[in-house]
Each structure stands twice: as structure tokens, then as C-alpha cells.
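Record features (Swiss-Prot):
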SITE      R11  site 'Important for substrate specificity'
ACT_SITE  D64  active site, proton acceptor
SITE      T65  site 'Important for substrate specificity'
SITE      Q147  site 'Important for substrate specificity'
Amino acid sequence: MKIILASKSPRRIELLKLLKIDFEVIPSNIDENISEKDPKLLAEKLSYLKAMSIKKDGVVLAADTVVTLDKEIFGKPRDYKDAFRMLKSLSGKWHTVITGVTIKFKDEVITFSEKTNVKFKNLSKELIEFYINTAKPFDKAGGYGIQELGSVLVEKIEGDYFNVVGLPISKVWDILWDRGMIDASKGEINK
């Protein structure tokens with residue numbers, strides 16, 4: 001049985017490929033504008049809604065990542081100005097990246113979240129402008145991708161690196177493995 005990844009995120013696709021398991025991509029199409037002020041609950045709710053929107057049989061994996069600084073939640077920047085504002089706000093500070101994950105099995109739904117703390121260097125206006133113009137980070141929570149050029153913005157990280165990229169693959173693996181979903185001899189999902 002294949003896993004269905006309810007995401008078109010190239011980063012999540014690449015991370016799931018690291019697990020060497022068979023999967024197909026069926027992007028969810030939900031309205032992500034929900035009213036939730038708690039970033040952990042927001043990420044978990046969005047991942048849950050994404051997973052539940054997929055009606056095909058199989059193990060559905062969905063995720064949503066948010067960045068939070070103090071009480072502000074950063075999703076994907078709307079435009080250049082918004083990306084600049086986000087990166088300027090994160091400059092020289094610790095922030096938290098939260099990824100909510102939902103795995104929908106036939107008879108069970110598991111939702112959890114992972115938190116990783118990231119500290120940015122002090123970013124000059126020129127570096128922020130260069131980054132936005134070069135990396136085009138408009139599809140990334142917080143306006144940056146740590147696995148790409150965004151790595152030059154980061155001073156320290158505490159926690160799961162892959163969570164910041166968009167999927168805490170170790171925890172996903174553990175859940176699939178613990179439920180006997182991985183056939184170690186074939187490297188595929190069991191039925």
C-alpha cells in the first residue's frame with residue numbers, strides 16, 4: 001500500500017524520498033485561512049484538514065509548517081514586502097519552527113507536531129534583499145528555506161533540522177515502523 005503525500009511541496013517530496021518508501025503525491029486543496037492563534041494548534045489543524053481532504057484509500061501523510069516569533073505566526077509571505085518584513089523581524093533572534101503532521105491510516109488518525117528553535121544571524125538590508133531576489137522564498141513559511149541559500153541566514157539550530165525543512169522524517173518513520181507498515185525486506189509499505 002502506498003503512502004499518499006497530501007502536499008505538492010518539493011521539500012516534503014524530497015524528504016519522503018529519503019525514507020526509501022513508495023509514495024504518490026496528491027496535493028490537498030484546502031483553505032488554509034483558519035482562525036487559530038496558537039501556532040502549534042494551527043499547524044496541527046491544517047495538517048489534519050489536509051489529510052482528511054484526501055478521499056483515496058491508503059495511508060495519507062499531511063503536514064503544515066509555521067514559523068513563530070513571540071506571538072506572531074509567519075506563514076508563507078504574500079509578496080516581496082512581506083518576505084522582507086518577516087526576515088527583518090527574524091534577524092538576530094531565536095524563533096520557533098513548528099510542523100504539524102497528520103498520518104491517516106484506515107482505522108486510526110495520528111496528529112502531532114514537532115518544534116525546532118532557530119537563531120538567525122544579524123541580517124543586513126542588503127543580505128535580506130539579495131536573499132529574496134535570489135531564493136524567491138514565497139512558498140516557504142517564514143520566508144526562508146534552511147536547506148538552500150537560507151542556510152547562510154542561520155546562526156544556530158536546536159532540534160530537528162528536517163522539521164525546519166518541512167517534515168520531521170524521523171518521527172514519521174517511527175510511527176510507520178511501530179505500526180508494522182514498513183517491510184524491511186522490500187523497503188515498502190505493508191498492506
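Every residue gets a Cβ built from N, Cα and C, even glycine.
Known features from Swiss-Prot, placed on the structure.
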residue: R11; record: site 'Important for substrate specificity'; contacts (Cβ under 8 Å, 6+ apart): G145, Q147, V165, G166, L167
residue: D64; record: active site, proton acceptor; contacts (Cβ under 8 Å, 6+ apart): E32, L42, A43, L46, S47, K50, T99, G100
residue: T65; record: site 'Important for substrate specificity'; contacts (Cβ under 8 Å, 6+ apart): A43, V97, I98, T99, G100, A141, N163, G166
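In three-state terms derived from DSSP, Q147 (site 'Important for substrate specificity') belongs to neither a helical nor a strand segment and is classed as coil. If you draw a 10 Å sphere around the CB of Q147 (site 'Important for substrate specificity'), it holds 16 other CB atoms from the protein chains shown.
For the recorded site, R11 (site 'Important for substrate specificity'), the DSSP three-state label reads helix.
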